[in-house]
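To start, the structure under review is shown below, and the notes come after it.
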Amino acid sequence: MFEVTTLGQPLEVIKTTMAANRKDGMPGAISRIWSRGRFMGFYQGLIPWAWIEASTKGAVLLFVASEAEYYARSFGANNFVGGITGGMVGGLAQAYATMGFCTCMKTVEITKHKVAAAGMKPPGTMETFMNIYRAEGIRGINRGVNAVAMRQVTNWGSRFGLSRIAETGIRRVTGKEHGEKLSVWEKITASALGGGLSAWNQPIEVVRVEMQSKTEDPNRPKNMTVGKAFKYIYSQNGLKGLYRGVTPRIGLGVWQTICMVALGDVAKEAVEKLTGDKVTAKH
């Protein structure tokens, strides 16, 4: 909740706007967002969708990732393999359990055309949700969920795995290779590196946005699949289009990973001090 309410949602809105309007650079995307809602435009889709997603990210992703990492380590996996296994399994669980409809509704909120300019009252968040549900059912609400799952598996596998690799490197540099605790700043540095490098899968994110976008284009395929979306984006905007929005995505990845990995570890240590119980991934 802290992550998304601070820098998370503004970066998400910029990233999604750039991915949906691939001819816009970052200044154009920021101008577009400002024109439709000024400061609050950067928080479009925050309530309730981003808050629901953020809550379940903590409740589902972190719990499942911790369990998967624990079992991977119990079978002899090293830090990297344990981290990437936990992140992939946690990301997959969150995507199919809760994230599909959250990302779909956030994208709809960010990309739908406002009808206020025509003198009509724009539909509210829940009205938009119900309109999609009546027209397309559960499948419409979860539009693009397979792309979401692909993104989450590669996202959090990369973030946890690369963060653990960075931690190992920091331990070698600082002489803490025998289990000594890293400082908060050392954990944040490792998480920032892991989060930033995980933006390699930006084409999956652009495909996800295109599948969920309400941007109107007569050239778009009607029954959009991951493959069709990929081909459509490449035919319209080339390779550059598949990486549109990668800069705010790097910023978002850094911030999310700092909050989820580094501050998550700090939270575990705080629980350990409060309860007197040794915190392990199994908890």
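The first residue you see is number 1, and the count goes up from there.
Glycine residues also receive a Cβ, built from the backbone N, Cα and C atoms like all the rest.
The annotation repeat 'Solcar' is assigned in TrEMBL to 85-169 (among others).
Per-residue pLDDT, averaged across the repeat 'Solcar' (186-270), gives 81. If you look up TrEMBL, you'll see 186-270 (among others) marked as repeat 'Solcar'.
Taken through DSSP, the repeat 'Solcar' (186-270) splits into 69 helix, 0 strand, 16 coil. According to DSSP, the secondary structure content of the repeat 'Solcar' (85-169) in residues is 72 helix, 0 strand, 13 coil.
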